[in-house]
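A short write-up of the structure that comes next.
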Amino acid sequence: MRKWALSCALLLVLLLTTLPDPAKKLQVNAEESSDEVGDFPKVEEKLGAVPHGLSTDSEVVQRESESISRKTLRNSAEKFEFQAEVSRLMDIIINSLYSNKDIFLRELISNASDALDKIRFLALTDKEVMGEGDTAKLEIQIKLDKENKILSIRDRGVGMTKEDLIKNLGTIAKSGTSAFVEKMQTGGDLNLIGQFGVGFYSVYLVADYVEVVSKHNDDKQYVWESKADGSFAISEDTWNEPLGRGTEIKLHLRDEAKEYLEEGKLKDLVKKYSEFINFPIYLWATKEVDVEVPADEEESNEEEESTTETTEEEETEDDEEKKPKTKTVKETTTEWELLNDMKAVWLRSPKEVTEEEYAKFYHSLAKDFGDDKPMSWSHFSAEGDVEFKALLFVPPKAPHDLYESYYNANKSNLKLYVRRVFISDEFDDLLPKYLSFLMGIVDSDTLPLNVSREMLQQHSSLKTIKKKLIRKALDMIRKLAEEDPDEYSNKEKTDDEKSAMEEKKGQYAKFWNEFGKSVKLGIIEDATNRNRLAKLLRFESSKSDGKLVSLDEYISRMKSGQKDIFYLTGSSKEQLEKSPFLEQLTKKNYEVIYFTDPVDEYLMQYLMDYEDKKFQNVSKEGLKLGKDSKLKDLKESFKELTDWWKKALDTEGIDSVKISNRLHNTPCVVVTSKYGWSSNMEKIMQAQTLSDASKQAYMRGKRVLEINPRHPIIKELRDKVAQDSDSEGLKQTARLVYQTALMESGFNLPDPKDFASSIYRSVQKSLDLSPDAAVEEEEEVEEPEVEEKESAKQEAEEPEHEQYDKDEL
């Protein structure tokens, strides 16, 4: 009986091997028609088919065999030309990022996550948009077709209409392209491609043909396809499996990109770049499992032949006791494997999260996948009337347009979640503009879910959240300074603490170089936190030796009896170091703060005092350096000169001439009134395109000429005035000295020609030249008319290309 069964089994196997293989036939047909447009099956023909997300590799190949091997745009599709900016951008991406092809997967997953965020938000007010069954599952699926070299990434997000496909994939905001190109030309980190909104086009690093299948609830299912050759096509999709809703991107990989068909490679990339995406990412992965199968018939027969003969009774007993013979074999199966099973970082306890996990999460959040870690972070929970969890980061670098669009940008770097549901990143009221460089997440359990963004923005809880976020943000920045050994002494630290702090050496200086302007803007805009922000200020000074110092450090070095904090504004440290306003201050060992940023002029209009110390601009009136016992006598001695000089400069707008207490080597300087503009501020305002000239004249304030009574020039002028106060030459000399002082004090000369003429007259006098010495006239020589004609003839005979070269030059 068993031998008969064995014979039947062998015959069946033989018959099966002679049958044709349908899969191979399909493959041959696909290869033969690779350059032709076939008839694609209609959607109606596929009703009842297994959902695409759950089908096996062989079913996918069979279902799509007519389209997957073709890499030409369908003849029936509506064709478009790429916008010029897009074509230029794709060339840049392909040529510049070729060595970092991995980023394409990161960008596609990031886009899929954004689409899922959008549909989840829409579902808050309309649950029907989510759909039912598999369509309602908010997840990202990655699938491989090694045979046809296709990598597919699918999401069940909001999807795209036909118009969306044209707008989002065929055109691009010029500003995004320009910013990306500028970043590339300045040697910036091109890993930041996602920040410019051009990440999708990185697919052409690995694919030479791309299909984007998308279904939006408000439109039919469409296919967008392109070979990156300057054009793309869009057609209604009647051959792919209905998506229900969402987008599937099919990348037909280049030969040199086969590594992205390896499951291990994709798993590594997801772990590296997308581990903290807020939606599950699944890979259709192969897996080996142990399976119990019946033992082969041949093995059973061999065992029978080797056994000794038994009696009929023994045989019956053995049959009753004998169990089916099985063996364990390895079997390959495919199933969906979850690649990102990490819990949202901000929901975990700060003690459970490692530095590496914080850094990875920051890179995912900021779409910045460079090597730089965030400078600092603050992870905290708030309890009470308003409960929320938050995670804030200080980026390693300032965004490329942080201050260019400071007052116009509406988008925030903070993502607002309500009960783990992403709501928006456009709530600019969560943080003030001066802290807009911070990145992070706020997740509230108090805010309502089922209201519009506009209503949510007016919710009273937001004010409480904002207040706590500001306080935590400023504490985070303060701690960044405290942990920097360049900022504070290590004397009271243990060896382990010193070692840890060495790693953060120079961190606050780096922060200040990137975001110092934001701290200054905060002092201008936020009166409530002005003192907290003032503690974060850093600057160079006359005693800092190139290092940055704080106001607290300055105060700790103030001289006994010094009541004011001295500062000077200008365009550069080098210019300020040579300023005549520092002469007496330096001689008497006073420290002076250098402010060289244009925003510093505005800053000091709001920062009037710090720790009960007033700020004093040393280029303005009111400088006090202690009592001078001889000052009264000097004023009396030079009274005739100061009165005469004031009259001599009557047309120059000088309010008064006074004895100075701030000069040592310089004969005189021009200072402004306490509330008037400094010379530096005048230049800043004059550079404004739409500045008001009448306002400038008013805000300029009074100017005072301060003279150095100990300088030989001033003493000689006093004597000359006493001898002949009506001398025109003396008046010209006095005006020249004033104009020189005006220029040395940082002001622009109102009449440079008059100043130059005065200089030339002085030079003439020093060379013993007569004031009436005339300039020698040049003899006029008439050029022969023949030469002009020759010249014209020569020009006419010049070749056209030479003339073109001249014009170009």
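Backbone N, Cα and C define each Cβ position, glycine as well.
What Swiss-Prot lists as signal peptide is 1-18, and the listing cites sequence analysis.
Annotation note: Asn111 (ATP binding site) sits in a helical segment as assigned by DSSP. Residues or ranges marked as ATP binding site in Swiss-Prot (evidence: similarity to another entry): Asn111, Asp155, Asn168, Phe200.
Taken from Swiss-Prot, the feature compositional bias 'Acidic residues' applies to 293-320 (among others).
According to Swiss-Prot, the compositional bias 'Acidic residues' annotation covers 774-788 (among others).
According to Swiss-Prot, the feature compositional bias 'Basic and acidic residues' maps to 789-809.
Under the heading motif 'Prevents secretion from ER', Swiss-Prot lists 806-809.
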Additional residues surrounding ATP, by Cβ distance to the Asn111, Asp155, Asn168, Phe200 centre under 8 Å
Leu108, Ala112, Asp114, Ala115, Met160, Leu169, Val212, Thr247, Ile249
Cβ neighbours within the same chain of Asn168 (ATP binding site) - under 8 Å, at least six residues apart
Met160, Phe200
Largest CA-to-CA spread of ATP binders Asn111, Asp155, Asn168, Phe200, angstrom:
17
Taken over the motif 'Prevents secretion from ER' (806-809), the model's mean pLDDT
39
So, three-state DSSP: helix, strand or coil for Asn168 (ATP binding site)?
helix
Helix, strand or coil for Asp155 (ATP binding site)? Use DSSP.
strand
For a quick check of packing: other C-beta atoms within 10 Å of the C-beta of Asn111 (ATP binding site), how many?
19
Just how many other Cβ atoms lie inside 10 Å of the Cβ on Asp155 (ATP binding site)?
28
